[in-house]
Amino acid sequence: MRLLTTVAALRCYLNKRRWESQLTASEEQILDSMTSWYQTAIGLVPTMGSLHQGHLSLIERARHENSTVIVSIFINPLQFGPNEDYGRYPRTLEQDRQLCEQAGVDAIFAPSPEELGIPQKNIQESQVTQVIPPSVMISGLCGHSRLGHFQGVATIVTKLLNLVQPDRAYFGQKDGQQLAVIKRLVADLNLPVEIVACPTVREASGLACSSRNQYLTAPEKQQAAVLYRGLLQAEAAFKAGVRYSSRLREVVRQELAKVSSVLVEYIELVEPTTLMPLDKIQEEGMLAIAARLGSTRLIDNTILRDRQPIIAIDGPAGAGKSTVARQVATKLGLVYLDTGAMYRAVTWLVLQQGIAIDDDCAIAELANNCKIELTPSQDLQSPVRVWINDTDVTQDIRTIEVTSQVSAIAAQAAVREALVKQQQRWGKRGGLVAEGRDIGTHVFPDAEVKIFLTASVGERARRRQQDFQKQGQPEVSLEQLEKDIAERDWKDSTRKVSPLQKAADAVELQTDGLSISDVASQIVDYYQQRLSQW
């Protein structure tokens, strides 16, 4: 692991990593014609140091999803107010270095403020070029008492994204306002990076992990856990049918009042993306708290969603995801969202229009301008009916020609971005079963039930051969199908964009020797078990 403290060293390191990836790709391409896909993604975990379990969970996620992981450690003077704790904020670089090395980080970027051209002054006094988020997003919640804080955050995050140019950057959901601001910043400035939101990590008491928890004594930590208990009370009220902000906030206030040493700064209900205040939850809301315990400021939040559950089913090609997902949706009365059919439809259109598979620009235009419609079939033996640009392609997208090219199309960032947006719009109200390769990790990371279906290559080849026979497709040998499936697995799991992965909180089902009905029944049982816990 490298410790980098200058911009020049960081750029040199990143250039070297990218060159090594390209060199490895070229060598592998000569050795094996199937290795035309490479996981060269860079993941960035921005921190202010004093690392804790929350940071380590971000690093673990980044390590799982990227070939190179960079952790930045920078205590940003721009985001501290004149009377805040910039001077006493914990500085533990050697300890942080050891934790990063143990976690498999490739490099730490720990510059001084001067190295980044930032004077050690707050944002109001600084002459540095600033990034200013929309005022409506930074005037409420923490922005009300921390003037200039989010301008400072936005400025340094933009700097880091520009310097590292990561494919993904990881932030915790505990800082809900910061997360929303950064997502908006990336969208508004068209920055080519995916912002990955990771769940809040908590201590045993429920207190959200924070570097500032070091300021608290052991008794104070127990007292501070009342914030989480207040959120739990609100979640219980929400599940019981309470939707109005005034009532939900009062539930939290009553719980916090039980600990007199906790001084409430705010309890607010806002829309999680825009941060606009909500009177009533129609779809989802973020219930956020800020309070002080002695000289320590604490924040926490929870997302309240008024939607039916989502079941995310991931797994490799030929694992039976589509058939299982349809049966599960039928048994539970949910909508079946065949995301694989969407990618197949785009692939069919690419081939139909004679566009080269590697013409990313033309395919990006096509994916962002096409119209896809899915209509469930009442007959479980028949596939979902699929239209693209008003053409019925239900049968056409299942041909060997489309099957052999769909992974290449699905791996293109512009295609996935266009289709994921549409899938997420469909999933806004929940009540659906979706299957694919990154549903639980990327499309619906907040799905209530996550399943990872898998089977041996031989079993999947046998199933695929039976499918082709039923569809009247030309005969393909098991040996060829096994080779094709192994190649598809490799491509899907090593591609740079949204690779095939098992979500950390997914249940894995090995389906060799099980019928479709057996697998569907297991998922339904698990769903009902989870439902009883909500």
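For all residues, glycine too, the Cβ spot is worked out from N, Cα and C.
Per Swiss-Prot, the feature region 'Pantoate--beta-alanine ligase' maps to 1-302; the stated evidence is sequence analysis. Residues annotated as ATP binding site in Swiss-Prot, with sequence analysis given as evidence: 48-55, 172-175, V201, 209-212. Per Swiss-Prot, active site, proton donor is recorded for H55. Under the heading (R)-pantoate binding site, Swiss-Prot lists Q79, Q178. What Swiss-Prot lists as beta-alanine binding site is Q79. The region 'Cytidylate kinase' feature in Swiss-Prot is assigned to 303-534.
This view paints the features noted in Swiss-Prot onto the structure.
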residue: M48; record: ATP binding site; DSSP class: coil
residue: G54; record: ATP binding site; DSSP class: helix
residue: Q79; record: (R)-pantoate binding site; DSSP class: helix
residue: Q173; record: ATP binding site; DSSP class: coil
residue: Q178; record: (R)-pantoate binding site; DSSP class: helix
residue: V201; record: ATP binding site; DSSP class: coil
residue: S211; record: ATP binding site; DSSP class: helix
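Per-site Cβ counts within 10 Å over the recorded positions M48, H55, Q173 peak at H55. Distance noted between the C-alpha atoms of V201 (ATP binding site) and the residue listed as 'active site, proton donor' is 9 Å. Take the CB of L51 (ATP binding site) and look out to 10 A: across all protein chains shown you find 25 other CB atoms. In this structure, the binding-site residues G54, Q79, V201 were compared by how many other Cβ atoms lie within 10 Å of their Cβ, and the smallest count belongs to V201. With a cut-off of 8 Å between CB atoms and residues at least 6 apart in sequence, the same chain places M48, G49, S50, L51, H52, Y89, P90 near S211 (ATP binding site), listed in sequence order. Other Cβ atoms within 10 Å of the Cβ of Q178 ((R)-pantoate binding site) number 22 in total over all chains. Cα separation, Q79 ((R)-pantoate binding site) to Q173 (ATP binding site), rounded: 18 Å.
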